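Colleague: Below is the structure I would like to discuss, written out as structure tokens.
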Amino acid sequence: MANNEDKLRDYLKRVTAELQQNTRRLREIEGRTHEPVAIVGMACRLPGGVASPEDLWQLVAGDGDAISEFPQDRGWDVEGLYDPDPDASGRTYCRSGGFLHDAGEFDADFFGISPREALAMDPQQRLSLTTAWEAIESAGIDPTALKGSGLGVFVGGWHTGYTSGQTTAVQSPELEGHLVSGAALGFLSGRIAYVLGTDGPALTVDTACSSSLVALHLAVQALRKGECDMALAGGVTVMPNADLFVQFSRQRGLAADGRSKAFATSADGFGPAEGAGVLLVERLSDARRNGHRILAVVRGSAVNQDGASNGLTAPHGPSQQRVIRRALADARLAPGDVDVVEAHGTGTRLGDPIEAQALIATYGQEKSSEQPLRLGALKSNIGHTQAAAGVAGVIKMVQAMRHGLLPKTLHVDEPSDQIDWSAGTVELLTEAVDWPEKQDGGLRRAAVSSFGISGTNAHVVLEEAPAVEDSPAVEPPAGGGVVPWPVSAKTPAALDAQIGQLAAYADGRTDVDPAVAARALVDSRTAMEHRAVAVGDSREALRDALRMPEGLVRGTSSDVGRVAFVFPGQGTQWAGMGAELLDSSPEFAASMAECETALSRYVDWSLEAVVRQEPGAPTLDRVDVVQPVTFAVMVSLAKVWQHHGITPQAVVGHSQGEIAAAYVAGALTLDDAARVVTLRSKSIAAHLAGKGGMISLALDEAAVLKRLSDFDGLSVAAVNGPTATVVSGDPTQIEELARTCEADGVRARIIPVDYASHSRQVEIIEKELAEVLAGLAPQAPHVPFFSTLEGTWITEPVLDGTYWYRNLRHRVGFAPAVETLAVDGFTHFIEVSAHPVLTMTLPETVTGLGTLRREQGGQERLVTSLAEAWANGLTIDWAPILPTATGHHPELPTYAFQTERFWLQSSAPTSAADDWRYRVEWKPLTASGQADLSGRWIVAVGSEPEAELLGALKAAGAEVDVLEAGADDDREALAARLTALTTGDGFTGVVSLLDDLVPQVAWVQALGDAGIKAPLWSVTQGAVSVGRLDTPADPDRAMLWGLGRVVALEHPERWAGLVDLPAQPDAAALAHLVTALSGATGEDQIAIRTTGLHARRLARAPLHGRRPTRDWQPHGTVLITGGTGALGSHAARWMAHHGAEHLLLVSRSGEQAPGATQLTAELTASGARVTIAACDVADPHAMRTLLDAIPAETPLTAVVHTAGAPGGDPLDVTGPEDIARILGAKTSGAEVLDDLLRGTPLDAFVLYSSNAGVWGSGSQGVYAAANAHLDALAARRRARGETATSVAWGLWAGDGMGRGADDAYWQRRGIRPMSPDRALDELAKALSHDETFVAVADVDWERFAPAFTVSRPSLLLDGVPEARQALAAPVGAPAPGDAAVAPTGQSSALAAITALPEPERRPALLTLVRTHAAAVLGHSSPDRVAPGRAFTELGFDSLTAVQLRNQLSTVVGNRLPATTVFDHPTPAALAAHLHEAYLAPAEPAPTDWEGRVRRALAELPLDRLRDAGVLDTVLRLTGIEPEPGSGGSDGGAADPGAEPEASIDDLDAEALIRMALGPRNT
């Protein structure tokens, strides 16, 4: 019975244990299934110039509206697309949206993608790559560290047709092979995984508008199931064409103004937008364990489908309610636990009420009136970013949690009356609401909705990051707080940008801990080729180092081979060396203590006492002190290097330095090394001191030996370099040698020692050293040891007492040692000493690095040396001087991508005339970080100084001198006042706030007269208009911009640019102004508006066959000012020919004008009635009288204002009278006409402007200003609702505008004259399309663009593809298509290189390889192809590798293997291979005649020998009897029917040479 009870008890125990185990497993499974997921990194690109999550927060917290007009750089027919009629086929009634105006920008080089492949890539792929990299960096993770990991990649997107409508472009052979991977949607995720080298799940999700939130849901599920441990989740949308606008216009789904008015009564549709957002997520438990900063937590998510509901694209309320409840269940939360919902909120009349009712039915039923559910919509700020909408909403809510504020929802006139708001407690965020942390210990929570037009719905529940556990205080770094801030980049330009970003970060983040930031920079940033390090012990010191080029350690990491430690001999010592490190470096102090113990057996003094210079301690003047101390310092510094991760692959010692090298190599124990250095130095002190000397000469060894022939007491002691030789011996002869060298101009330096190492004098201590060093126990080195005594590697235990005598007696071969090591692949030589003495003798082909320096023996110098090593490519372990990672890493700037524009050009057919049409457009700029100014600035003001503006300049760091320049101040008076200001330091910049042309001209002239060369900025208000929604430009102020464009050409050295402010600049606008003045944008024509910074661009204005908006024909009376001049008469003829009944031609001379009579007859013959009137068009009374006299039966219907006065003088000699004359007829006349005809119904009001006002023209400053006035006047009339068209003409053929000397000038520079008939056809088109402005010019961009920018680079022309291409063309490099074949079969390019001297061939061949590689990849310059960078990193794939092989095969005249590029993986390696194969000099010829024959034969193909009739003779010389009929007999004829000499003709030149000059057959 008892036995059964025991069995039952055991059974119950077992079952209970199993139940407990199963319960625990179920609990674990349940926990994993619902485990929260941490968001640890975020990145985005959104409308309004948003380039980061912080930018997004600034936008929404500031109630920013990011909606803008259509982009003008994508080939869209911006004007032709618009039609207010929603039924107009192929048109849209909406012409605004949320755009990424830099969507075409991409740093292809950074990602190792060739320009050609980048051009073929959907911009969505490029944005996804960029933001993915930034999201990882923002998490404090080095993206390259993820290679080989199971990172998941989940990206939402949809096909937007980047290549649609680009037929001609995509058929380009250059893009073949790239279009599939470039356009296919699956590559959105696949390319990210490929670039990062990850092998986890990679999925592209297309559920339309809900794509990115579905992607996040899938990422969460994958993490919970263990399919990956970390994941990227996000979405992207770019609209390369306007198809979406057209399609949704037919459905009447768009907001007319492009703005989503979410949940508002005024809602009228959604505003399409673009964007990209990426999150880096991992399981919460992993994030905590890995020490990653947690931004927020995904508590739960759900996805469902509408199914067969009210329509395929219609939203379905019940499905939305279900997905919300499922997400809450997944989060294990109740509706009342959520504070706010970031709604889908598109602003449609159908969708918003359905969504609101679903929210009210779920959340709204469990919220109180005191704590209602808040409802917001990011789309009201940026529009509907489609596949990126969900992730954008998540980023907004994460930022709201972090900042404790719920932003306002814009454009709500009142909450929608289509929603029953009383049915639940949901409150629309019509104003911002504080969102503080909860006092009851609860957590803030938000939910985000995203509903796809496809019917797929997603809902995600977010929670604020859990409270961070108190971490132990950050340990102060060893060494007194001196830390490195390393930064690196792929290119020098990117490095400079990185440095600038980090400097701005240090300046703006006063709370940053330098050591924590250093740890983050080391751990979370990829170490790239171009490197810099700031070293300092405080934020201020590091900031200052970043701001000053001389404060940084810089270098490159290319061609890193093996590392050798170099230990010098005497001469590195200085009093106090190493003392600071005893206190700041534990590793150094510990090693010195070991040395102290070892040395103490042989010396009666204390190592530490000597180093610290304690009273009574011996000095370094004694050889028996200095050598042991130097040894101890060197081996201790070696320990420090090794502690920081630098392990030598070899050691080299110079003289006594070989003792330290032997110890570090393991060839001597520390005790034996101490014995050698102490006892040998004692012997030197006892027997050699005072009897010798040493001298260093700047000569090679041979030259020194020649000089020593006259000195029997001297010998070469050491050969340190090609021109660095040391001599030792008799001190008297040393002095005599020094005198003779000085007399001969040879640099000589007597070394401060009184004994002669490496000379015959040493022989007297040979016996003593043999005795005292007997019993040494040398070992085989475990670190390779190269002996400068033997000139070879030491591999056996041979460093006995005899060796150390010989080391002291014989010559030191340091230079040959370095040469040998360099051949063996050693590239970096670290001189381990208290002061570098050998580094400067190293050849330029290797990198020499020091350790300490004289009087710089502390931690700062040590860290700087470590920084120099890292900057030059070595891997440094910074951990010993940095705090341990805590997970609280600072938000450092992410990589400063250096982008270029990649965008397929539209293939829409264009007429030849379209090539003449241009417009001005404004490109939104992405605002850079906080800028600052420095130095003295002069600010010219009118009567009332701009206090706020001046305050902004001062707050940015500028020292401001204000100078008032009134209308009555002439140039002389201004120059005198400027001269009086020029005392003390010079000026950094000049700002003109003048708003009138006359004082502005005087100001520019006075600056030159006063000799002030500081760059001048002209700051205006309302001088330009950046688009349809902007206020029209003020014509008078527009003249300042016309003038400025000419100053830029006439005085490029002292011109900075033009900046236009809004009428009422706020703090943000003034901050943008500072950014512009700092030069950070790189732009020189900038407009600042509430939407940000805009840069002026010239762009093509093709009509693309667009239908005219009206059928314009002249009729009635047409008034032509300047009507008897060349341009006016052309216009008159055209008007008469096309139906004008009455032509009223106005000029100053009237009928007395030359040719007036003939013109009248010609026009009359065309059927028009002609009136020629003498009248000053600038006289309003005279013009009023003239207009009143126009017959009622032919009313005035059109005006053509061609009148103007020539103005071709440089600005420096332009006086007030010239200004009045030029402006009189042109601008005053136009203003009079505008004023007198206001309200008169006209069909056309044409202003003849000029290209001078568009891009400037030298010596036409006032003329350009006048034309800018006309362009602005036309826009002002349009804004008033009256017709106006300004045409900025180029050069006309025949008599007319711009003739004479200027004609030839502009033709030479690429402005070709236009035929008047064709020019007038362009005028007719502009009128038929009712255009406000168009520039018409025939430009040869290959000539004009370089000429226009030769003295001053300008981005103005960047919007014209031909100009951009002309400016990007490499200059002075071999042409990539050079296939001209030289007589040898080589290309002419290689033949030219062959003709160069041998030392110049290698670099020339490398340039040729880089040039061809650049051409294959699509780069504009070989500079973009780094010599040492792998072809795979440069963007080569199998296709482009074969293309490069083909080009180089043509160059060398021989077919190269298909694997050539991959067999020689860098341009430098490939160039070296080609040099050896095709350019290496032949083996030295045994005789001169043989060399001449070889060269002659190498240059002559066999056909030439045969044709010359000498082939038989050459063959006979080789011992071969030619066959009959070979065609090579002297004077003989070939047999036409004979077989060709295949065996001979197939020989290459080298084979023929071997045949001719090889052994003779006997």
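Glycine is no exception: its Cβ is also placed from the backbone N, Cα and C atoms.
Taken from Swiss-Prot, the feature active site, acyl-thioester intermediate covers CYS209, and the record attributes it to sequence analysis. Positions annotated as active site, for beta-ketoacyl synthase activity by Swiss-Prot: HIS344, HIS384. Look at Swiss-Prot and you will find 565-866 tagged as region 'Acyltransferase'. Per Swiss-Prot, active site, acyl-ester intermediate is recorded for SER655, TYR1263. Swiss-Prot lists THR1124, GLY1125, ALA1126, LEU1127, SER1147, ARG1148, SER1149, GLY1150, ASP1176, VAL1177, LYS1226, TYR1248, SER1249 with the feature NADP(+) binding site. Look at Swiss-Prot and you will find 1403-1478 tagged as domain 'Carrier', backed by sequence analysis. Annotation source Swiss-Prot lists O-(pantetheine 4'-phosphoryl)serine at SER1438. According to Swiss-Prot, the feature compositional bias 'Low complexity' maps to 1532-1541.
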Colleague: Give me the CA-CA distance between SER1149 (NADP(+) binding site) and TYR1263 (active site, acyl-ester intermediate), in Å, as a whole number.
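Modeller: SER1149 (NADP(+) binding site) to TYR1263 (active site, acyl-ester intermediate), Cα-Cα distance: 22 Å.
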Colleague: Mind checking which of THR1124, SER1147, SER1149 has the fewest other CB atoms within 10 A of its CB? They're the binding-site residues.
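Modeller: Taking THR1124, SER1147, SER1149 as the binding-site residues, the minimal 10 Å Cβ count falls on SER1149.
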Colleague: By DSSP assignment, list the helix, strand and coil residue numbers for the domain 'Carrier' (1403-1478), in that order.
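Modeller: So the counts come to 53 helix, 0 strand, 23 coil.
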Colleague: In whole Å, how far is TYR1263 (active site, acyl-ester intermediate) from SER655 (active site, acyl-ester intermediate) when you measure between their Cα atoms?
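Modeller: SER655 (active site, acyl-ester intermediate) and TYR1263 (active site, acyl-ester intermediate) have their Cα atoms 77 Å apart.
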Colleague: Under DSSP, is ALA1126 (NADP(+) binding site) part of a helix or a strand, or is it coil?
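Modeller: The three-state answer is helix.
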Colleague: Rounded to a whole angstrom, what is the C-alpha distance between HIS344 (active site, for beta-ketoacyl synthase activity) and LYS1226 (NADP(+) binding site)?
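Modeller: One finds 55 Å between the Cα atoms of these residues.
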Colleague: Within the region 'Acyltransferase' (565-866) only, compute the mean pLDDT.
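Modeller: Here the mean pLDDT over the region 'Acyltransferase' (565-866) amounts to 95.
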Colleague: Return the residue, from the listed recorded positions CYS209, ALA1126, with the maximum count of other C-beta atoms within 10 angstroms of its C-beta.
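Modeller: Top count of Cβ atoms within 10 Å goes to CYS209.
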Colleague: By CA distance, which of the recorded positions (CYS209, THR1124, ALA1126, LYS1226) lies nearest to HIS384 (active site, for beta-ketoacyl synthase activity)?
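Modeller: Result: the closest of the recorded positions to HIS384 (active site, for beta-ketoacyl synthase activity) is CYS209.
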Colleague: With every protein chain in view, what's the tally of Cβ atoms within 10 Å of the Cβ of ASP1176 (NADP(+) binding site), excluding that atom itself?
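Modeller: Looking across every protein chain shown, the total is 18.
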Colleague: Can you tell me how far the Cα of ASP1176 (NADP(+) binding site) sits from the Cα of CYS209 (active site, acyl-thioester intermediate), in Å?
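Modeller: Computed Cα spacing between ASP1176 (NADP(+) binding site) and CYS209 (active site, acyl-thioester intermediate) is 63 Å.
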Colleague: Out of SER655, SER1249, which of the recorded positions is least crowded by other Cβ atoms within 10 Å?
Modeller: SER655
Colleague: In which DSSP state, out of helix, strand and coil, do we find SER1147 (NADP(+) binding site)?
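Modeller: Reduced to three states, the DSSP call for SER1147 (NADP(+) binding site) is strand.
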Colleague: Cα of TYR1263 (active site, acyl-ester intermediate) to Cα of THR1124 (NADP(+) binding site): how many Å, rounded?
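Modeller: Given the Cα positions, TYR1263 (active site, acyl-ester intermediate) is 21 Å from THR1124 (NADP(+) binding site).
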Colleague: Tell me the Cβ neighbour count for LYS1226 (NADP(+) binding site), meaning other Cβ atoms within 10 Å of its Cβ, over all protein chains shown.
Modeller: 31
Colleague: Roughly how many Å lie between the Cα atoms of ALA1126 (NADP(+) binding site) and CYS209 (active site, acyl-thioester intermediate), rounded to a whole value?
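Modeller: Approximately 60 Å lies between the Cα of ALA1126 (NADP(+) binding site) and that of CYS209 (active site, acyl-thioester intermediate).
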Colleague: Report, as a single number, how many Cβ atoms besides its own are within 10 Å of the Cβ of HIS344 (active site, for beta-ketoacyl synthase activity).
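Modeller: So the Cβ neighbour count for HIS344 (active site, for beta-ketoacyl synthase activity) comes to 31.
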